[in-house]
Structure formats: C-alpha cells, structure tokens
Amino acid sequence: MGKPEPTSSGVPDDRQSTTAADSTGPYLRVTDLRVRFDTEDGVVRAVDGVSFGVERGRTLGIVGESGSGKSVTSLAVLGLHNAKRTTISGSICLGGRELVGLGEEQIRRLRGRDLAMIFQDPLSALHPYYTVGRQIAEAYRIHHPGASRRAARQRAVDMLDRVGIPQPAKRFDQYPHEFSGGMRQRAMIAMALVNDPALLIADEPTTALDVTVQAQILDLLADLQAEFHSAIILITHDLGVVGQVADDVLVMYGGRAVEHGTAEQVLRRPQHPYTWGLLSSVPTLHGPADADLVPIRGNPPSLIDLPAGCAFHPRCGYAARTGGRSTGEVPELRPTDEPGHLVACHLPAADRVRIRTEETAHVGVQS
Amino acid sequence: MTRFLVRRLLTAVLTLFAVSVLSFLMFFGLPRDPVSGMCPKNCNAERLERVREELGLRDPLVEQYANYMKGIVVGRDLGSSQGGRCDAPCLGYSYVNSEAVTDTLTRVLPVTLSIVIPAAILWLVLGVGLGMVSALRRGTVLDRLAIGFSLTGASLQLYFVGAVLLLIFTYNLRITPVPGYTPLFEDPVKWASGLVLAWFSLAFLFSAIYARLSRAQMLETLSEDFVRTARAKGLAKRKVYGRHALRAAITPVVTIAGLDVGSALGGTVITETTFGIQGLGRTAVDAVRAGDLPTIMATVLISAVFIVVANIVVDILYATIDPRVRLR
Ligand SMILES: Nc1ncnc2c1ncn2[C@@H]1O[C@H](COP(=O)(O)OP(=O)(O)OP(=O)(O)O)[C@@H](O)[C@H]1O
Ligand SMILES: [Mg+2]
C-alpha cells in the first residue's frame, strides 16, 4: 500500500478509454457496472454505473454509508450473485478477461485462485463444523486437484504461519470457535491467499475486530501485498482505515460513484458534499480536538426509489445553489482540474473549492 | 464423553424414577378400587378379596412401590392366581390378559418397532430429500409441488390417509394383503407386505412435516456467510451444498427426528388402530379401557424409557455433528 502516485491511479479519465480490454491496463477494470435485483417490492438498482480500476500492488478503498452498494459491487466482481434474480451489465475485466456474462463454471475456476475475498465477520464466514485447517486446505485443493492431502495440509500450515498464527500445526486442527476474533480473521486471510490470488477483495475486514487487532490486520494485509504484489480492494466505513492503507478511493452513494481519485485527492481535497459529510463525521488527528463530529443529516436513500436528479440532494446543504439542476438531472462523474480526480456534483467547480476551504477547513484525514 | 454418558445415564435413571413414582401414585394411590375393574365378570366377593390380597393392595403404598421395583430389577413371586414366579424384569400380572405384563410387552413391542423404524427411515429420506431439493430449486414448479405436498400432508389425518391407502391397495388393486403383523424372522416378505401401508401412511404425514422443516433449514443455511465463503473459494455448487450447507441444515432436523422417533416408539395408537395391528399403542389404550393397571403402568414406563433414550441419542448425535457442543 505504497504512497499515492496520482499519475498511475487506476481512475478512468473518461468512459471511452476504458472500454477496450487492453492487457496493459490495470489488473481489474470495472466499467459502467450496473447490478439490479428483481424483488417483490420492485427493482433494486444496487449498483448503477460504477467504473474503477485497480492495479497489482495497489489498494483501492471503497467507502460509503450502509446500503450504498459496496458489497454488491464486490460480489459482482466475484460472480456470486444469484443469476436468476440479478441483472448485471457493464464490464468487469480481470487480467484481460471479461467476467460479465462468463459461465458459472468458468468464473468458478477463477474464484479463489485469481481473485479471492475476505468477509467482515470471520466467525460466521467460517464453517462452524469443520476445522480451520481443513477449510484452508480445501481452498487449496480446489485449485490444485493434483495436490495430496498432506501437501495441502502443509500448505495450509505454512499459510497459517505466514499470517502470524502461533503453533500453526496445532491450530490447523482447531475449530473456528476455538480461535479469537483476530486469529479468525488471520485464518480467513490465510484461506484467501492460499492460492496466491492477484486480486484480493476485503469487505470490511476489520469492522468486527477491536482497534489494536484492526491495526495488526491492516499491517498484515500491507505486508502480504508487498510480498505477493496483489491488487486489493478494501471496502470500509472507516475513513481512517482508508487514509492509512488506500492508494485510490472511490466514494459511493446510492449505488453510484460520487467521487473518485487518489487517497490524497479524495481525503485531503474532497470536492463532493457527501465526502465532506463523511469526513466531518469521523474524528481526525489534524483538526482541533474539540471539533464537533457532524453526522450527515437524514438517512441513506432507498435503492428502489432513488431521489430524482442527484440522489444526495435531499441531504445536501448546497443543493439550492445548483439552480434546480440537483433535482432534475443526475450529475455525471466528471474530471476536476486535478488529473485523475473525478466528482459527480452540480455545484460549479469554483464553488466547490471555495466551500471546502471556507466551511470544512478542519476536515481531512491523515493520509 | 464417558463422563457425559455416565451423567446422562444417571439423569435418565432419575427421570425414570420420577415417572414411575408419579404414575404409581396416580394409578395405585387413588382411593378407587382397582380390582373391580380388573375382574369385571364372574368375580364373586371371595375371589375379589383374594385378588386384592395377591396384588398387595392391602400393603402401604410405599411397600407396594418397592415391591414393584424389586420385580423389575430382580423379579418376584406373585400369588398362584398371577402365575406364580415372575422373573425380572417383572412388571406384574394382568388379570385382563391373563398373562404376565412382560409377556404381553415382548409380544407387542416388536410390532411397534416394526412399524416405527422402517417408517422413520422412509419419512426421513423422503422428507429431508424433498425439503433439500425444493430449497435448492426454490421458486420452481418442483418447489411448489413440494410445498403443496407439505400442506396436504399437514392437513390430513392418519386414519384418512390409512383408509384411502387400504381402499386402493388392499381392496381395489389387491396389491397388498390385509395388514397384519408377521415376525420379521419368520417371513420377511410377509412382515413387510403386512406393514407396508402403515409405513407409507406414517411416512407420508411425517415427511410432509420434515420436508417443510428441512426446506426452511436449508434456505436459512444457504444465506449463511460460510456458504458464501465456500463459493468464494471456488468450490463447485454441488459440493457447497453437499459438504457445507447440508451438514449445517440437517442438525436441527436430526434433533427433532430423534425425539419424534422416541415418542412414536411409545406407541402409534392411530396407525395400529387404523390397520388393525396390535402394537404397544393399542395395548396401552386397551389397558386404559379395561382399567388394567399393571399393563397401564408398564406401557407408561416403557414410553418414558423410549423418550429418555431418544434424548440421550439426540445429544450424542448433536455433539458428533457440531463440534461447538461439548459433551460434559
Ligand atoms: N440479493 C439482494 N436482493 C435485493 N437487494 C439486495 C440484495 N443484495 C443487496 N441488496 C440491496 O442492495 C443495497 C446495497 O447493498 P450492499 O450490501 O452493497 O451495501 P453496502 O454498501 O455493502 O452496505 P454495508 O456497509 O451495510 O455493508 C442494499 O440496500 C441492499 O438491501
Ligand atoms: Mg457490505
């Protein structure tokens, strides 16, 4: 999780250049992804035209409130949505291969081998009836059918050792409930990395853990990334975590991308009022210690019935300054004057910069 | 494990002791003369008096109970009118059946076992299979059919299903003989053909319940995180279902099945009555009608034994399936 370099960010500069699946582009390139669920209450547009890219060795942070479509995006990349009730369109290009429309059997062969996932709650994500080691060895043998039981066991023990679990050979034979929360998440990471995937998606990997353990897990991920040179997508609510580890940041709201750029750009010079809101609702190391934490007023929107125009306008303090456009027109994600920094907002660029410097000066996360 | 077994066996013995005391008090402690019921006809006053004597009804209740228990453990001597020496496990003598209760039970117990065990295997295989398939094919025609089957099964009564099966297979198509019991080791074919309708009627009703139960369990399990993990590893769906989901979904089903089988072994009165087969259930009902106290006592005790044993078996199974459950 190296220092941000704006020039090599995976951010698409415009739609055209991202459609070609060139092998020189980022390892994962998602273009205009749309995921819809047909439910009894209506069509849920959980992801509505999201684009991003991640290169190997780099980390993309996806942030947004609950229900903004972060997990749905990552499950779409893994092809884990129920095909019958889900409509997916757009492009997901992994190492030059198009995943949207790929058959279940073909995408299954990639899962766990080229791309792997870590989930939020390691206790419920591990099978309670099988030993931790057996579950890791199983993940290995799926993609190494020729491997013997002993080889798989050895590999699993090595991985447990690699993620910092003491006495890995003994731990191999224990059940998930015999592990502590942090150890369990380490085991999940061992399982995800057992086949050296080039892309790792971590969906809130530290939310269920306490703060000291969180930091250890993030350090571990950073070490492993340096070692295996994998691309990482880190999904989180925690902007502090993003500031710590992400190279690029994608901010989602109501299933759409509202801001995208390098971590430096999005966290230090945010341009979207929603990002300002997110940032002022987390404590910062830079701002005055007595600065009030301001939660964003209102609630996240319903994805079945998004507000017309800019989905954020009912909660936006500056909607009135757009001359009615915020209720009538969906803002497009457009480049700002910084290369690679994109924002979807009707406010004139000059206004955004002025408002940010005037009203939200204390906002910002150490990056 | 051994410690668990010892403890559970002790608890079981205590439970059975409590059941026996309570039922003994209920049946023998009531201020009603049990003898007049046992000997309804041809009993002159003198004979009644002798029966009372031999049943020990003159003794204090505690002594009567102690005698009864002694009979179960080491056997005891009953009076000449009760067939004399009665070996352990002696459950007393029935004037109504004119035989030792233990003899009655050794006759009817295999009947009930022969009805319940094959039926239970059938209903588990059918019910769980159907439930799993319909969960995996949720929303399809097959699923709807399975739900329809469950609803039908749940709303029908055994005597109705039994009567319909009898009418079709025995009286119209003449495929199956008139139901009855032949010991398994005497003639397996006759054993099976005499009981097959009883098995299927029981299995039909129970598998309806089990289909619904296991469908719900499977659907719940399929939405569990660990199932998603298994798929994220790249495991083929078949193995995700078979190895990961099924094992978790089946656990509660096993528990309920154990208890259901346990209580069914205590007597399947309606089934036995519908098909005219004399098993434990009908024997118990007949005993109640005739006021045949020793037989009533014995059937109550034996049902209690089945239920207690079923509970232990369920606990052991549960701990075998779920490593989080420790047998302590
Ligand atoms: N299979 C599904 N069918 C219908 N709606 C779904 C389905 N999966 C997710 N959704 C809806 O899509 C929306 C986005 O969900 P998602 O899980 O991506 O949110 P999230 O950003 O990950 O939130 P959180 O931070 O709470 O994890 C939610 O409103 C959710 O209810
Ligand atoms: Mg989520």
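Every residue gets a Cβ built from N, Cα and C, even glycine.
As given in TrEMBL:
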| type | residues | note |
| --- | --- | --- |
| DOMAIN | B:109-318 | domain 'ABC transmembrane type-1' |
| TRANSMEM | B:9-30 | transmembrane segment |
| TRANSMEM | B:111-133 | transmembrane segment |
| TRANSMEM | B:145-171 | transmembrane segment |
| TRANSMEM | B:191-211 | transmembrane segment |
| TRANSMEM | B:245-265 | transmembrane segment |
| TRANSMEM | B:296-318 | transmembrane segment |
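In this chain, the transmembrane segment (B:9-30) touches the transmembrane segment (B:296-318); three or more CB pairs sit within less than 8 A of each other, excluding pairs fewer than 6 residues apart. The transmembrane segment (B:145-171) shares the most Cβ pairs under 8 Å with B:191-211, out of the stretches B:9-30, B:111-133, B:191-211. It is B:111-133 that, among the stretches B:9-30, B:111-133, B:245-265, forms the most Cβ pairs under 8 Å with the transmembrane segment (B:191-211).
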